[in-house]
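Notes follow the structure.
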Amino acid sequence: MNEFDRVRDYLTDLQDRICAAVEAIDGKARFAEDLWQRAEGGGGRTRILRDGAVFEQAGIGFSDVSGARLPPSASAHRPELAGATWRACGVSLVFHPHNPHIPTTHANVRYFRAERDGEMVAAWFGGGFDLTPFYPVDEDVMHWHRTAQALCAPFGEERYAAHKRWCDEYFFLRHRDETRGVGGLFFDDLGQDFERDFAYQRAVGDGFLDAYLPIVERRKDTPYGEAERAFQLYRRGRYVEFNLVYDRGTLFGLQSGGRAESILMSLPPQVRWEYGFQPQPGSAEARLADYLIPRDWLG
C-alpha cells in the first residue's frame, strides 16, 4: 500500500471511531452521513449530528480531493509549488455543545501531496486540536494541555512547546487582540520523515478524544441559564470571525472550488453579535479574558 493510501485508511477509521465515541457520550442523536463527489477530483463524507442531548451540532468530515493547480492559499508559503498538481486528504471536526460550560472544540489532521510532471515535489502533514471554552475551568484546561504534552513526548522534548506556541500564534484574532481559546497543538509542513511524521499525526488524531471527552463528562450536567447561553452565543461570534477571516483550511477549500456545505460545517448553528458588549467587571464572563492570553498550562 502506498503512503497516501495508508494515511487515507487511517483517517477514515479515525472518523468512524470519533463518531462512535461522540454518539455514545451524547446518548440521543446519531450522525447523518452525506457522501459527496467533487467535479475537479475526489470527494468525501461529511457527518453531522444535530440536536443531541449534549451536542447542539457536531460535524466531522473526511475528504480526499485533488486538483490540477494549487490555489493561492496553499502556495503562498511555498511559492516553488505554484502551479503544481495536488492531492490532499484529511479529517476535520468542530463540536458545538448545548451547555455553555462545555468548551467548543476543533481538530484537524491532514496530508498533502504536490506533483509536477508525475513526480512528487513535496508532501507534508498538518493538523492539531484546540479548545474554546466560554466558562473556563483550570482543571479542564490543564488536562487538555497535559494530554497534548504526553502525546508529544515520544517525538522530542521541544515538540509540545513548539506546537503549542504555533497553536497560540495561529488561532489569534488580530482584530480582537485575543486568542480564539486556550490553544492546544498546531503543526503544518511536517514532511521530513514520513514514518515519524505519520506516527505523530496518528498520536494527535488518537489523542483528541483522550483530551476532550473527560471535559465533556465533567461539565455536561452543569446547570446554566439564559445569561450563560447568551454569552455562549456571543462568544461563538469570535469563532465565526476567525474561520471566515483567517483560517487557511477554510480559505483553501473555498479557493480550490471545494464543497461549501462541508467547508462551512464548522460554523455554529446559532450565534449572535452585540455592539459594544462588555461583561460586568468581576463576573464569570469577565474571567474569560484572562484565558485568552497565551500561557503555560502544565502547572
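Glycine residues also receive a Cβ, built from the backbone N, Cα and C atoms like all the rest.
As the structure is a computational prediction, the values presented were derived from the model and not from experiment.
Of the listed segments 131-166, 239-274, Swiss-Prot assigns region 'Important for dimerization' to 239-274. When the candidates Ser92, Ser283 are compared with the substrate site entry in Swiss-Prot, which names Asn108, Val109, Arg110, Gly257, Gly258, Arg259, the shared residue is Ser92. Mean pLDDT of the predicted structure over the region 'Important for dimerization' (239-274): 88. When Cα-Cα distances from Gly258 (substrate binding site) are compared across the binding-site residues His96, His106, His145, His175, the shortest belongs to His106. Sequence-distant contacts (6 or more apart, same chain, Cβ under 8 Å) of His145 (divalent metal cation binding site) comprise Lys164, Val182, Gly183, Gly184, Trp297, Leu298. The separation of His106 (divalent metal cation binding site) from Gly257 (substrate binding site), Cα to Cα, is 23 Å. A separation of roughly 8 Å, to the nearest angstrom, links the Cα atoms of His106 (divalent metal cation binding site) and Ser92 (substrate binding site). Set side by side, the binding-site residues Ser92, Asn108 differ in how many other CB atoms lie within 10 angstroms of their CB, and the most is found at Ser92.
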